[in-house]
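Copied from TrEMBL, the annotated features are:
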- 2-99: domain 'Dihydrodipicolinate reductase N-terminal' (DOMAIN)
- G3, A4, Q5, G6, R7, M8, D33, G69, T70, T71, A96, P97, N98, F99: NAD(+) binding site (BINDING)
- R34: NADP(+) binding site (BINDING)
- 102-238: domain 'Dihydrodipicolinate reductase C-terminal' (DOMAIN)
- H126: active site, proton donor/acceptor (ACT_SITE)
- H127, G136, T137: (S)-2,3,4,5-tetrahydrodipicolinate binding site (BINDING)
- K130: active site, proton donor (ACT_SITE)
Amino acid sequence: MLGAQGRMGSTVANAVEGAADMKLVGTVDAGEDRSRLDEAEVAVDFTHPEAVMDNLRYLIEHDIRAVVGTTGFTEDRLETVRGWLAGKPGLGVLIAPNFALGAVLAMRFAQQAARFYASAEVIELHHNRKADAPSGTAAHTARLLARARREAGLEPGPDATTSEVDGARGALIDDVRVHAVRLPGLVAHEEILFGGEGETLTIRHDSMDRTSFMPGVLLGVREVLRRPGLTVGLENVLEL
Ligand SMILES: NC(=O)C1=CN([C@@H]2O[C@H](COP(=O)(O)OP(=O)(O)OC[C@H]3O[C@@H](n4cnc5c(N)ncnc54)[C@H](OP(=O)(O)O)[C@@H]3O)[C@@H](O)[C@H]2O)C=CC1
Ligand SMILES: O=C(O)C1=N[C@H](C(=O)O)C[C@H](O)C1
């Protein structure tokens, strides 16, 4: 477990210890020696966007499969990981922006809706200790929406804004606007809003507790053992 003292890492360590078919063989926190993971069949990374690529390179070099929940994966980063894996046939890496079943389903439902609505925006709401904004899930959702909209031949819907305070309309990811809220008391939440003629559709997912991510992480650990190469997104493991 990389990032074992973190909010997610400590929850994953408990979940692994409670799983009859798994054994926690080592933990690594910031600045600690990663060689204590060398006996592991699978390493799980919930660290920091600035640390995760270096961790992944180490794991792949040492023939250790990886399940990664850490955010910050751009298409360039994914391509780099594919390059590292190219020389390692049989070795698997799973990277998922969100391991909660409901979040994965919400993204799939949003993808289905996107082809019917030119206008769509994403609001993500998280605890105020979160390092990155917008969330990896929101960025992934925005890219999925943009792709589904393009494939349906839709242009982004009209927006009459001509004057705005910087940031008021959120960040543009691909061509979808994403808004980030940070408040104590929240865990991880996302709304995907669609607007049409006289109606709106809202798809919302709420993680009330970090245990919501655990069935997905444990499934990922089991599945990465039999999936060589890079898998991106739990939807591919769930075969949605
Ligand atoms: N995919 C998913 O389903 C989910 C993904 N996440 C993502 O997981 C990541 C972690 O989130 P969270 O647990 O809340 O964050 P935390 O800050 O609570 O935990 C991260 C931990 O990683 C440690 N760390 C930093 N660098 C390294 C390193 N090089 N090697 C080992 N450990 C390191 C940190 O130590 P220190 O504090 O000393 O820097 C800290 O203990 C984020 O990117 C978050 O967005 C979160 C929830 C679900
Ligand atoms: O930092 C978090 O807490 C979370 N991070 C992931 C993200 O950025 O999408 C997943 C979930 O939203 C919780």
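Cβ atoms are placed via backbone N, Cα and C, with glycine included.
Fair warning: this is a prediction, and the values are worked out from it, not measured in the lab.
Locations of recorded TrEMBL features on the structure.
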residue	record	Cβ neighbours (10 Å)
G3	NAD(+) binding site	25
D33	NAD(+) binding site	9
R34	NADP(+) binding site	16
T70	NAD(+) binding site	26
N98	NAD(+) binding site	28
H126	active site, proton donor/acceptor	22
H127	(S)-2,3,4,5-tetrahydrodipicolinate binding site	14
K130	active site, proton donor	17
G136	(S)-2,3,4,5-tetrahydrodipicolinate binding site	19
T137	(S)-2,3,4,5-tetrahydrodipicolinate binding site	25
The residue listed as 'NADP(+) binding site' versus A96 (NAD(+) binding site) - Cα distance in angstrom: 22
Secondary structure composition of the domain 'Dihydrodipicolinate reductase N-terminal' (2-99) [DSSP: H/G/I, E/B, coil]: 37 helix, 14 strand, 47 coil
Which same-chain residues, if any, lie at least 6 apart from Q5 (NAD(+) binding site) yet have Cβ under 8 Å of it: T27, D29
Segment confidence, the domain 'Dihydrodipicolinate reductase N-terminal' (2-99), expressed as mean pLDDT: 97
Pairwise Cα distance for T70 (NAD(+) binding site)/the residue listed as 'active site, proton donor' [Å, integer]: 12
Cβ neighbours of A96 (NAD(+) binding site) where a neighbour is any other Cβ within 10 Å: 26
Packing count at R7 (NAD(+) binding site) (other Cβ atoms within 10 Å of its Cβ): 14
Length of the line joining the Cα atoms of K130 (active site, proton donor) and R7 (NAD(+) binding site), in Å: 10
Residues close to (S)-2,3,4,5-tetrahydrodipicolinate site centre defined by H127, G136, T137, Cβ within 8 Å: T71, P97, N98, E124, H126, K130, D132, S135, A138, A188, E190
